[in-house]
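A.B. asks: From Swiss-Prot, here are the annotated features:
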- 672-679, 1014-1021: ATP binding site (BINDING)
- 652-846: domain 'FtsK 1' (DOMAIN)
- 997-1183: domain 'FtsK 2' (DOMAIN)
- 1249-1479: region 'Required for substrate secretion, truncated protein is stable' (REGION)
- 1-229: topological domain 'Cytoplasmic' (TOPO_DOM)
- 253-256: topological domain 'Extracellular' (TOPO_DOM)
- 280-1479: topological domain 'Cytoplasmic' (TOPO_DOM)
- 230-252: transmembrane segment (TRANSMEM)
- 257-279: transmembrane segment (TRANSMEM)
Amino acid sequence: MHKLIIKYNKQLKMLNLRDGKTYTISEDERADITLKSLGEVIHLEQNNQGTWQANHTSINKVLVRKGDLDDITLQLYTEADYASFAYPSIQDTMTIGPNAYDDMVIQSLMNAIIIKDFQSIQESQYVRIVHDKNTDVYINYELQEQLTNKAYIGDHIYVEGIWLEVQADGLNVLSQNTVASSLIRLTQEMPHAQADDYNTYHRSPRIIHREPTDDIKIERPPQPIQKNNTVIWRSIIPPLVMIALTVVIFLVRPIGIYILMMIGMSTVTIVFGITTYFSEKKKYNKDVEKREKDYKAYLDNKSKEINKAIKAQRFSLNYHYPTVAEIKDIVETKAPRIYEKTSHHHDFLHYKLGIANVEKSFKLDYQEEEFNQRRDELFDDAKELYEFYTDVEQAPLINDLNHGPIAYIGARHLILEELEKMLIQLSTFHSYHDLEFLFVTREDEVETLKWARWLPHMTLRGQNIRGFVYNQRTRDQILTSIYSMIKERIQAVRERSRSNEQIIFTPQLVFVITDMSLIIDHVILEYVNQDLSEYGISLIFVEDVIESLPEHVDTIIDIKSRTEGELITKEKELVQLKFTPENIDNVDKEYIARRLANLIHVEHLKNAIPDSITFLEMYNVKEVDQLDVVNRWRQNETYKTMAVPLGVRGKDDILSLNLHEKAHGPHGLVAGTTGSGKSEIIQSYILSLAINFHPHEVAFLLIDYKGGGMANLFKDLVHLVGTITNLDGDEAMRALTSIKAELRKRQRLFGEHDVNHINQYHKLFKEGIATEPMPHLFIISDEFAELKSEQPDFMKELVSTARIGRSLGIHLILATQKPSGVVDDQIWSNSKFKLALKVQDRQDSNEILKTPDAADITLPGRAYLQVGNNEIYELFQSAWSGATYDIEGDKLEVEDKTIYMINDYGQLQAINKDLSGLEDEETKENQTELEAVIDHIESITTRLEIEEVKRPWLPPLPENVYQEDLVETDFRKLWSDDAKEVELTLGLKDVPEEQYQGPMVLQLKKAGHIALIGSPGYGRTTFLHNIIFDVARHHRPDQAHMYLFDFGTNGLMPVTDIPHVADYFTVDQEDKIAKAIRIFNDEIDRRKKILSQYRVTSISEYRKLTGETIPHVFILIDNFDAVKDSPFQEVFENMMIKMTREGLALDMQVTLTASRANAMKTPMYINMKTRIAMFLYDKSEVSNVVGQQKFAVKDVVGRALLSSDDNVSFHIGQPFKHDETKSYNDQINDEVSAMTEFYKGETPNDIPMMPDEIKYEDYRESLNLPDIVANGALPIGLDYEGVTLQKIKLTEPAMISSENPREIAHIAEIMMKEIDILNEKYAICIADSSGEFKAYRHQVANFAEEREDIKAIHQLMIEDLKQREMDGPFEKDSLYIINDFKTFIDCTYIPEDDVKKLITKGPELGLNILFVGIHKELIDAYDKQIDVARKMINQFSIGIRISDQQFFKFRFIQREPVIKENEAYMVANQAYQKIRWFK
């Protein structure tokens, strides 16, 4: 390794150079080294000789370059420049300088620097650096302004080209000049990065010093020696009395010898009595002395035995509960005792409170004498010994966190110190895998516990955050997750309680609450107020006084002072045991925490079975070409064996799965919970089979109920013959139908070749006798539990089919996450092999393996293979095919140069920009091994031109089908002069029974009229679009006429410009529809006459007979439901009944859509020969449309079911493919324009309809209105029926009426449009009592509006008539306009005869008269003159509904609409027609 020091403009940087890498130095933040104001970019790289260069200039120790502000100095250090020296052992000051007397002599230095205070570095962690003002000193690459600075252990110092690193035992030095020193050299090698496992820690076997537990019994003293209580006089007096009596007898009666005998005997008796007394007394005293001596010796031995036991107990306690200072040594030396306690140990979660007189671990048994009248000192001695060893004095007092909540009371700062001791003890002896801490504390107390952040136990790994809750944010961030964790543990205990199994939860959570206010309003309070020990959670409460503690606290510790504490209760029992807390003032708590933070605890040694193995590693290859797939296909034969590698039992120990019927197969189960590698093991097995067997020998049908994830991975694999995803009821039955069709096909082929097993067939195929490949078909369901739940009938049939298909080469592999309740007897009995990965619980493991082993698996991909009844039962690691495939064998290494800060929550927070430079490079996307192998197999398949196997399972109908994919759509190629029979290509049909998908074609002659029933939004309009364009593309506009009735949402409007379309109707165009009905009736009658005339039965026969072109008529109705309750319902339905009954022979065909079958009347519905059902919300409605169906209609837009013997399912075609550059309407317009431009013949006539607005000026020139006026008529508007010009003949009398004067004024305006022409032809006289013609008073010959003037007009009219009768017609005719006829009569009292003469004779003589008036006034008047005029006039314009007028008696019109503005009825010859006046 090389180190490079870069110095520029008082900036100092160091770079560790790695061989083969390149580096940049610039002022850009993304560079490897950033130097402000550098002004250039320096590239560092090695040349072919390994020499480091800066911009192609070699760095030979020192390279100086000119910079913008200062010289750029590059200093390169190598291994040869490294040295390490110990501090002086006696003095506390050393010097580094150029002088011979310096402790470390470096000639290149200009001035010396002083290093001091290194003797106390172990405690202080730093030394002091002293230098003069002329020397630049950098500490951690920052220039120091002070002359005395602290440098901590690990800090780097740079002085005049010399690099120093402060260590606890000395200095590491990098100098390109010789370093001379008498100091002890520590090492000659430059320290490199430590090995990967330098900080890994493995538990050593634990040494446990048990506390003595054998009972020690103090026996009672032996029974006291019984003292002879006989007094000496009792022995002496009887013989003395005898002597006395003998003497008396002798005195009374001397008897010589007898007396001597009696006296002798008595004397002897006295002597022996005295002797016996004193000997017995002596013996008693000796026995008493011996008893006391022996028992005291016994007590002395017992005392030693007890003392030894107490010492053993004290040693055990002191060993297992050392002082914090001793713990520091344990941690510092990385002693094997670290993390020695596990949840299975007796002292798990035990810690020391302090020093106290503790209870003995053994029982001292002594039975005190209950009652004794005489005091025995030996009993007192025994009792004294028993009472002396009541406690073990000055021994560690132990508390534990296993038996309910505990609480500390007292001064908070004292309690925090006790909690710190507890933290240190528990953290040192318990692994962070087994124990975690959570502190809920006040924010001002966090600083006190800040040192503990280094403890790995303070990180809650499940939440990836430090276990400190001290404000609202941390509370919400942590406690909610903890609440969920507690809830899950409680639920787990409840579930396991049924089986009486104990659960040990890991990690144990020590939940310390020093501030209840933070959780008082949180849901976790529910659990804090109960004992959570059973769930692996230890609660510790901190309060000032005992009264504030929760009631469920079991152990209470009172910290009275730094030297006194009291264990008040323990596990709810009063103990009141005082203890002395340990003093830890001189212990560096953070040092202990930091040392523990460096340890990576590895719980278990690595198993012989690898934790993971990639697919290619299992095959011992690096590149897919090395798999030798072609040779494997050539050599492997399925009828011999189907064994393929699946994983490894250990190094180079391959485990193979062989689904040959006589080995592990043919069917099996796979179980594994989420994340266990279940899908991956299936993928590896599929891939392994594909590598080893030819596509004609092995094929896969995947059922991926979760949504097609696995199916997508293998979509390019030639062995894949089908995928079944997201099955609903219909798709399930369709799939089953397809599989059964495949079985029938295989049975047929077996019969043709006289074999009964697939192995025999494969032999014939290899020999070339059989020509159609028939591979083993592996049906694999990735999540059959859900499939079985949703589609139980399908699952049952699938298992049954697989059982039947054993000899036909059908293999069924079922995979599930949770086998419990899913694997029934039928599935179990048909599954010879079982693969069990990690499952959720023991019940699941027992369900699939009949053992609980799989519940203990922890690694993804680790699995058990069980075949039969434990014929094979092996644990192995399955291969992983999702690994990145790098053909060059080098993993893409991207160095992340982001600098992260560990924030207060223990989480990483980026504090600089991303310096990786990836934003400037194109990210390389590597293939997975699975993708690489599939691509390799695909390339082999293409190269060898392997014929695809016929697929037993055709994919579900696509959601988009296009007409151009089904049939020719270029109208230029299809239009011809020859009349063709109509064929309709409706879409793509699906016939799983025949394993066929193809165009859905209807012969119109056979299909008849078509009714499509479906819910709105499922493609009904698209169905009509498809038919419209299909017809238009195959037939010229003169061969096919289309009438579009759009009763929906204007869906047919975009196609109205197709030249074949005669007209377009909407539901509110009642009049237009009425016209169409009349036209259809006329056309039916016309065609029927043709048939009758030529004596043929159909128009097609007529065409063949005559060669005439009579177009097909297509009536297309969208949303027939709208006909109901419409104003034209009755007439329209009657028309459609007639059309569907008679139209087919007349080449008039109806196609309609509706949302329900009963939208049509029964006679019409019966005539609809072809009925199609789309998706319907009411499922029963489908049966009404197509009858009993095998498959329901899927809830997919465009999916439909055709009524036929087999009820064929199909997907409706679309006229155009989706084009990103054009909208659908643009595509329609383009084709319509092309058709219009291409076709120059006749197109169908549309239905003439009244425009919304007709202005006189718009029609003046086109209809030549001035000439019409000049020829003696008034053009007034257009009629609604034929939209032709309507006029009032001035040569005949006429009457115009309306409902209001405003309409009369409008009529006057239209009548006077050509006033100049009228004046040329007529002498115009107007009697206008109501003033509507007032605007023209000066433009006519005579105008009267006053009563007298009106009378004058009357006289003029009579005189004019008389004069013309006498003289004949004048050169200029007269035109009399009588406005307000009623008032005219009232003013003039014109006789009836005059009225008759004016009407009958006037026109002949050139006197023309026009009556105008308000309809109601004309009707209500009782003037006979009006009645006469009405009866004699044959021209009327009535501005009122026919049903409301009373001039004529016409048949009542049902629901006649209200007359709109400018509308009227023209009545002539007892017939009427509706018109609209010009504007």
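Here the Cβ of each residue, glycine as well, is placed from N, Cα and C on the backbone.
Map the listed features onto the structure and describe their local environment.
C.D. replies: Here T674 (ATP binding site) comes close to Q817: these same-chain residues lie at least six apart in sequence, with C-beta atoms under 8 angstroms from its C-beta.
Over the domain 'FtsK 1' (652-846) the predicted model carries a mean pLDDT of 85.
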A.B. asks: For S676 (ATP binding site), just count the other CB atoms lying within 10 A of its CB, please.
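C.D. replies: So the number of other Cβ atoms within 10 Å of S676 (ATP binding site) is 25.
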A.B. asks: Taking a Cβ cut-off under 8 Å, which residues six or more beyond the ends of the transmembrane segment (230-252) line up next to it in the same chain?
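C.D. replies: Long-range Cβ neighbours of the transmembrane segment (230-252): 259, 262-263, 265-267, 269-270, 272-274, 276-277.
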A.B. asks: Sort out the sequence-distant neighbours of P1016 (ATP binding site) for me: same chain, 6+ apart, CB within less than 8 Å of its CB, listed by position.
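C.D. replies: Within the chain, P1016 (ATP binding site) has Cβ neighbours under 8 Å at G1048, N1119, S1155.
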A.B. asks: Specify the count of other C-beta atoms within 10 Å of the C-beta of K678 (ATP binding site).
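C.D. replies: Step by step: centre on the Cβ of K678 (ATP binding site), count other Cβ atoms within 10 Å, giving 27.
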A.B. asks: On a simple 10 Å Cβ count over all chains shown, which one of the binding-site residues G672, G1014, Y1018, R1020 is most densely packed?
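C.D. replies: Per the Cβ count, the most surrounded site is G672.
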